[in-house]
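Peer 1: Input: one structure, supplied below.
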Amino acid sequence: MSRSVVVAMDAAADADQARLHQLGYRQELKRGLSLVSNFAFSFSIISVLTGVTTTYSTGLRYGGPVSMTLGWLVVSAFNGCVALSMAEICSAYPTSGGLYYWSAKLAGKEWAPLASWVTGWFNIVGQWACTTSVDFSLAQLLQVIILLATGGANGGGYMASKYVVLAIYCSILIMHGLINSLPIQWLSWFGHLGAFWNVAGVFALTILIPAVAKERARPEFIFTHFNTENGMGIHDKAYILAVGLLMSQYSVIGYDTSAHMIEETKNADWNGPIGIITSVALSTMFGWIYLVALTSIMVDIPYLLSPDNDAGGYAIAQALYTSFHRRYGTGAGALACLGVIAVAIFLCGSACITSNSRMGYAFSRDGAMPLSRVWYRVNRHEVPLNVVWLSVAVAFVMALTSLGSQVAFQAMGSIATLGMYIAYALPVFFRVTTARRSFVPGPFHLGKYGVLVGWAGVVWVATVTVLFSMPVA
């Protein structure tokens, strides 16, 4: 490497540290992530293979193809507004605290403590719940894979009990805790692997699924069919469509990770915002392609959603199993496809713990968590080890509700996901109201369109708040 390049890299590192010092903090985490690495963490957490697969049955039940394929485009447009506004603020305040720090700076001195505290707790509880949701979804998918591999529900297959599912979930959490105990260089590798796996997985499944299926839906069905037979007593089409949009909304969440990793990112005030935008843009594109491919084999919706099918009502698993079985006389290919999805969910869960731990590290650094001195510690590898295992422990406790009631568990997940979006919207709201004239943008900014884009994002999150709160039966 030439001397001039080394000098330039040192200058960039000094600039990052100087900016962090201006914001009130000193450099304690190892700054070793590039733009690609920062993007990879957010892209791995959004993980369309995870979000779309685990919530697809909800979209199929409420509205069906049209609420997913076209609804995805509507949701993505407004999500893009939220992401752009967050990226602009991230460029101005590149700290691991992210959302809660932004609220403190933008709400004004009088409201700063309350705004920061509320935003921070919405954010971190939402992140814990997202980790719980992702890893528990993986445990449930493994339950279905085992069921199909042993003959299916109608062929004497083994259906793991809720206690076995919880044990699988616990094992997954422990593995994620161990991975996140590694130095940032290793975590960066897992982030890159997650990004690659999602892209390669979407391409492979998008080509394979329609090619294998003997019976495929027509384009009119994929883009115009509206399913009103949800079996939940809901008949109003507007209401059904609103509930159906939740699949698309849930599938693109977690892009605040680029902000939480920013104190470990080089050229932070530019690479962090670009990480947010590119992760959302590419997830939107790949997610839609994957959705269309899946929907092309959903030709018998009532059967796919029925708990009496071989996959126990897991629509995607049943559709893949049926397609491969009709073509080859065996469902082994379907199990391989589900295995690809399971790996993507595993890597997504690992990235969730990474984001949780950095958020918890920053929040405890500012004394906002109980026992902050315990959580605000880094080991000799500059990893916030204590808060990594706090994230694992909290996610395990949150999943215990599944033993008592699946409805309670799902409600908790919905409420916490709602909290994440509220945390996204609060700093944007302060940006377009109290800090409209005093906001000093960073290298990435939206110029005169910043306020308009911000308001579009805030109004959308307010709408989503209502949608997430509506009963689904």
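Just so it is clear, glycine is given a Cβ too, placed from its N, Cα and C backbone atoms.
Where the annotation comes from TrEMBL, it is an automatic prediction and has not been curated.
The following feature annotations were taken from TrEMBL:
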type	residues	note
TRANSMEM	35-57	transmembrane segment
TRANSMEM	69-90	transmembrane segment
TRANSMEM	141-159	transmembrane segment
TRANSMEM	166-189	transmembrane segment
TRANSMEM	195-213	transmembrane segment
TRANSMEM	274-299	transmembrane segment
TRANSMEM	332-353	transmembrane segment
TRANSMEM	383-401	transmembrane segment
TRANSMEM	407-430	transmembrane segment
TRANSMEM	451-470	transmembrane segment
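What's the neighbourhood like for these features in this structure?
Peer 2: Listed by sequence, the residues of this chain that lie at least six past the ends of the transmembrane segment (69-90) yet keep a Cβ under 8 A from its Cβ atoms are 59, 63, 98-99, 102, 106, 222-223, 241, 244-245, 247-249, 251-252, 255-256, 258-259, 262, 269, 272-274, 276-277, 280-281, 284, 287-288, 291-292, 295, 421, 424-425, 427-428, 431-432, 441-442, 444-446, 450, 453-454, 456-457, 460-461.
For the transmembrane segment (141-159), the residues of the chain that approach it from at least six positions outside its boundaries are 53-54, 165, 168, 308-312, 314, 317, 321, 331, 334-335, 338-339, 341-342, 345, judged by C-beta separation under 8 angstroms.
Among residues of the same chain six or more beyond the transmembrane segment (166-189), those with a C-beta under 8 A of the stretch's C-beta atoms are 29-30, 32-33, 37, 40, 135-136, 138-139, 142-143, 160, 264, 346, 349-350, 352-354, 357, 381-383, 385, 388-389, 391-392, 395-396, 399-400, 402-403.
Sequence-distant neighbours of the transmembrane segment (195-213) (same chain, 6+ residues past either end, Cβ-Cβ under 8 Å): 39-40, 43-44, 47-49, 282, 286, 289-290, 292-294, 296-297, 320, 323-324, 326-327, 333, 337, 340-341, 343-344, 347.
Residues 41, 44-45, 47, 49-50, 53-54, 127, 130-131, 134-135, 137-138, 141-142, 144-145, 148-149, 172, 175-177, 179-180, 190-191, 193-194, 197-198, 201, 204-205, 208-209, 212, 254, 257, 317, 320-321, 323-325, 388, 391-392, 395 of the same chain sit 6 or more residues outside the transmembrane segment (332-353) yet have a Cβ under 8 Å from a Cβ within it.
Cβ atoms under 8 Å from those of the transmembrane segment (451-470) belong to residues 78-79, 81-82, 84-85, 239, 242-243, 245-246, 249, 414-415, 417-418, 421-422, 424-425, 428-429, 431-432, 436 of the same chain, restricted to positions at least 6 beyond its ends.
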Peer 1: For the transmembrane segment (274-299), could you work out the same-chain residues 6 or more beyond its ends whose Cβ comes under 8 Å from its Cβ atoms?
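Peer 2: Here the qualifying positions are 35, 38-39, 41-43, 46-49, 51-52, 56, 60, 64-65, 68-69, 72-73, 76, 79-80, 83-84, 86-87, 90, 198-199, 202, 205-206, 209-210, 213, 215-217, 221-222, 251-252, 255-256, 258-259, 261, 265, 315-316, 319-320, 323, 444.
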